[in-house]
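Q: I have a structure I would like to understand better, so I am pasting it below and will then ask my questions one at a time.
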Amino acid sequence: MKTSQSSLTTANAIWEQLSQLDRKTLAQLFAADEARVSKMSQRLEFDLGEAGPMGIFLDWSKTHLGDGELSAFEELAKVMGFDAAREALFSGGIVNPTEGRPATHGAMRGSGTEADVEEADQLLRRMGMLVEAIHQGALGEVKHLIHIGIGGSALGPQLAVDALTRDLALVDVHVVSNIDGLALEQAFAACDPETTLIAVASKTFTTTETMTNATSALKWLSDNKVDDPSGRVIALTASPEKAVEWGVDETRVLPFPESVGGRYSLWSSIGFPLALAVGMEEFTAFLAGAQGIDTHFREAEGRANGPLLAAFGDLYYSRLRGCQTRAVFAYDERLGLFPDYLQQLEMESNGKSVTSSGEPVDGPTASITWGGVGTDAQHAVFQLLHQGTHLIPVDFIASIAPGDELDPAHHKALLANCFAQGAALMAGGNMSADGKDPARGFAGDRPSATILVDDLDAATLGALIAFHEHRVFAGAVLMGINPFDQFGVELGKKMAKEVESGEGDFDASTKALMEAAGLG
Ligand code: F6P
């Protein structure tokens, strides 16, 4: 996925052309084209077989992308080799050149080469067998699972379990990531050691936080006189030999391929807590939903491709409108962790300063992703969105079907608020009696996009995550960067070890802090 110098030169010319286009307000864009909504939105419908039908409506009409911008971005996609990169992603090509690896998370859900999909099926069958065996009592009574992992090995399971087990969880799952012992203590307090399993989730099986927490969890089991503590541990990893070396019996090691990146690993055995909590049938539906989006992403061209269109919008705001952040608000309690999940996916993938060939990038890369849950966020941070000095593109996500069984008035109000916020950000106005009080004025012309799903079930959650994975990938291709490495986390990790051991050359400020805390 390296981009040639001549392509980069042509790309620069397209960026120049984009920056010269006449800027229209949202109101002007709507006024100029009666068909704007139908042109800039689409309903994706999928028949997922056993997982049932799935519908997702994508509305990008309240963004500043006009015909001129869209044509230029489509040209940019051509010049940056989007078609070839997309093909490489699904056909096992080296899309992670700095580590010389393909990125085969798609294969985990059936989108990849025959060999990769066959390997993924085998690994998931193995996971399914263990899940079934646990449900049938092979490891005794199991009421709780403490899932230990961090970053990509924690955020996905945490999001998915939280989103999909509001009605019923077959096993009560606690995800622990932080090295702060308090996190693990809280999980211990909520679990009965006799009926608890420990999942140690680490692609590398070396991450300090995870291995420290895993050791303490094992000690907790033996301190509580649980028979055969290590027999209660399941390892989810791309380094099975390290898990065995650490003491996990091979039968309870669930491997996944090295070519599946940490923040893309929820589809693999890292999804074990979800499978255990909702059952394999639901987990399969989760994969099927993601595969539906894979198919759309592989087949749709240009602006008709949902994730690619979203990436056009992301780049438009970060590179042409100086937006340093983008916000995501889920109008659904079940998606409360979605903004956090996207934060890692987008910022760890595309927070880069050099191109895939090692040259400095020509413009800003990933925006800072942040957000929250509606309607709560309306009473906390929307003030700035409406009246602050920053221009922040917003994504709204909501479900037509309610997640609750209370009076339908709840859901009606939830959706009404979601749609009203997008409309208000765009329309602006003045709330004072004479319409002139500056403190009560709203500039308007503030962009948003809306993703409206028919229902939030396992398949749709899979689709939402896959949509954003491809949005990130498409953005990376357009910027010429590698979304699949994360060297930016390494320096801090190395220096934390040095601070802990006191072996290293530190600046005066750090030395003073270490001294104050008695470290080193
Ligand atoms: O520190 C960043 C990171 O490497 C993430 O990319 C990864 O998901 C996380 O740490 C955990 O790594 P592992 O799964 O190897 O424990």
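Cβ coordinates come from backbone N, Cα and C, glycine included.
As annotated by TrEMBL, active site, proton donor applies to Glu348. What TrEMBL lists as active site is His379, Lys493.
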Q: Note down the number of other Cβ atoms within 10 Å of the Cβ of Lys493 (active site), including every protein chain shown.
A: 10
Q: Which whole-number value in Å describes the distance between the Cα atoms of His379 (active site) and Glu348 (active site, proton donor)?
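A: With the alpha carbons as reference points, the distance is 29 Å.
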Q: Identify, in sequence order, the residues in the chain of the residue listed as 'active site, proton donor' that are 6 or more apart from it along the sequence and have a CB within less than 8 Å of its CB; answer 'none' if there are none.
A: Gly151, Gly152, Arg263, Gln486, Gly488, Val489
Q: Quick one: what's DSSP say for the residue listed as 'active site, proton donor', helix, strand or coil?
A: helix
